[in-house]
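Below is one structure, written out as structure tokens, with a few remarks after it.
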């Protein structure tokens with residue numbers, strides 16, 4: 001779907017523009033890449049820098065979601081005649097699983113930064129204890145996106161490296177294709193249920209820590 005692809009590309013320059021603007025106006029967004037409140041809330045960052053950064057992330061996120069939808073629909077609907085899913089190249093599988101992870105995790109990040117935006121500008125208190133909110137909630141939402149995001153970065157590499165190894169060692173086909181497909185699907189699925197291992201220092205109870213440690217070790 002070329003127009004959809006085109007739109008997902010042309011959302012990126014305005015996103016970059018907003019990001020650059022956020023570093024130019026006021027004092028810039030000095031929040032680190034995780035954008036945790038209260039450092040990213042009005043108390044610590046009064047100006048419009050963080051707001052611009054949030055809008056930039058929104059545009060980049062929409063762009064990624066459109067790209068992911070495009071990949072998934074292309075692979076489902078536009079394979080060559082007679083090519084079943086299990087006969088697809090491993091790299092294509094890796095990209096599809098990556099696209100599904102993007103599609104599932106990005107809306108959660110969008111929700112988290114939208115809540116941060118309303119906390120900053122519309123007087124809500126999702127992440128402000130003074131109004132009954134909890135800054136830890138932001139960390140949960142962020143890492144529910146942030147952990148699958150690591151696999152989004154690494155999965156295409158799994159596919160590529162398998163192809164490179166089979167090509168460079170003059171094999172006829174990639175070794176263990178089906179096993180790799182299931183392994184990538186499994187790591188994609190498990191990636192969604194281990195997010196809190198990024199936040200062991202915020203005071204979770206022992207049962208929760210035990211679960212997240214065990215689930216992480218299973219990966």
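A Cβ is built for glycine as well, from the same backbone N, Cα and C atoms used for every other residue.
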Of the residues 140, 147, only one is listed by Swiss-Prot in the Cu cation site with 197, 198. Which is it?
147
Identify the topological domain of residue 124 and of residue 195 in Swiss-Prot, and say whether both name the same side of the membrane.
yes
Annotated transmembrane segment segment (source Swiss-Prot; candidates 2-24, 25-47):
2-24
Since the record lists 147, 197, 198 as binding-site residues, which of them has the fewest other Cβ atoms within 10 Å of its Cβ?
197
Reported as an integer number of Å, what is the Cα distance between residue 197 (Cu cation binding site) and residue 151 (O2 binding site)?
15
Near Cu cation: residues not in 147, 197, 198 with Cβ within 8 Å of the site Cβ centroid are 143, 146, 194, 195, 196, 199, 212, 216
Take the C-alpha atoms of residue 151 (O2 binding site) and residue 198 (Cu cation binding site) and report the distance between them in angstrom, rounded.
15
Other C-beta atoms within 10 angstroms of the C-beta of residue 151 (O2 binding site) total 20
One stretch in 2-24, 90-119, 135-168, 177-193 has more Cβ pairs under 8 Å to the transmembrane segment (48-77) than the rest, namely 2-24
